[in-house]
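Written below as structure tokens is the structure these notes are about.
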Ligand SMILES: Nc1nc2c(ncn2[C@@H]2O[C@H](COP(=O)(O)OP(=O)(O)OP(=O)(O)O)[C@@H](O)[C@H]2O)c(=O)[nH]1
């Protein structure tokens, strides 16, 4: 018997998968109790798996927030899909999220595609029918639950609201029930293993996504070039990469208004995260075709 089973400790990795925008990051943040992953009303917000850790008295649950699953159309999306498939096979449990209001109109090919990926992985899986707060009547969930139960051999199907917290405790209890005996992989105070520079870049990208409209968001990537810690202030040098000159103009905004807004909002979040005063040096750079540039994507941790 190893040490972990002797002291009754359980641990494991839980992959959180689903189509873009179903609420994966919102659920992981709720389960972990801290903002480890950025969220936005736009699909494809999460670009690489981010791990959030929850510690209990007798367990450690490591949630892996994966990018939204869909058929890949470019190198960036193909890499994102490979990461999802890797996360599925390397996990102990899978949480498969489905958007309730959308599913109420009929389960689409997207959900069926993800369900097949999950089933093929052979990992124990639970379905989370999310955003039930948006259904006009709770009974609207019943036919969806029925249709979902025919798509795979699920351990359980939960009806949840990640943003309001409905049924999230019950879900967590089931997750802990399925965790195998194992050690704490991360120190107890740690909520994520994502590198600091990447978290900072994600915070800035979140603000950019919120400030921008239409096609520009997909063209935006943020790189944190350097973090310089001085006595009273931390200086963060970051670059917002876009693909075209016209997009650069949009990110800058009239008289630099948009970039200023992005910077001010990001600085507030980053100050909270690092607990120091921040000076944010933000530049916008045109990097044509970055989405298909393997070297660039690797450099940015994708
Ligand atoms: N009403 C409601 N909105 C939710 C709920 N969960 C998430 N949302 C919203 O749905 C949107 C998408 O949430 P995210 O958590 O970014 O979704 P995601 O699945 O991580 O998205 P990608 O990273 O693009 O794959 C955000 O605007 C959330 O606030 C919920 O339970 N109820």
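From the backbone N, Cα and C atoms, a Cβ is placed for every residue, glycine too.
TrEMBL annotations: computationally assigned, not manually curated.
According to TrEMBL, the protein carries these features:
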type    : residues              : note
DOMAIN  : 10-181                : domain 'Era-type G'
REGION  : 18-25                 : region 'G1'
BINDING : 18-25, 65-69, 130-133 : GTP binding site
REGION  : 44-48                 : region 'G2'
REGION  : 65-68                 : region 'G3'
REGION  : 130-133               : region 'G4'
DOMAIN  : 212-288               : domain 'KH type-2'
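All protein chains included, residue 132 (GTP binding site) registers 22 other Cβ atoms within 10 Å of its own Cβ. Counted within 10 Å of its Cβ, the other Cβ atoms near residue 24 (GTP binding site) come to 31, all protein chains included.
Across the domain 'KH type-2' (212-288), DSSP assigns 33 helix, 29 strand, 15 coil. By the criterion of other Cβ atoms within 10 Å of the residue's own Cβ, the least surrounded of the binding-site residues 21, 66 is 21. Among the binding-site residues 21, 24, 66, 132, the residues whose Cβ lies under 6 Å from any atom of ligand 1 are, in sequence order, 21, 24. Its own atom aside, the Cβ of residue 18 (GTP binding site) has 26 Cβ atoms within 10 angstroms in the protein chains shown. Over the domain 'KH type-2' (212-288), the average per-residue pLDDT in this prediction is 89. Broken down with DSSP, the region 'G1' (18-25) shows 2 helix, 1 strand, 5 coil.
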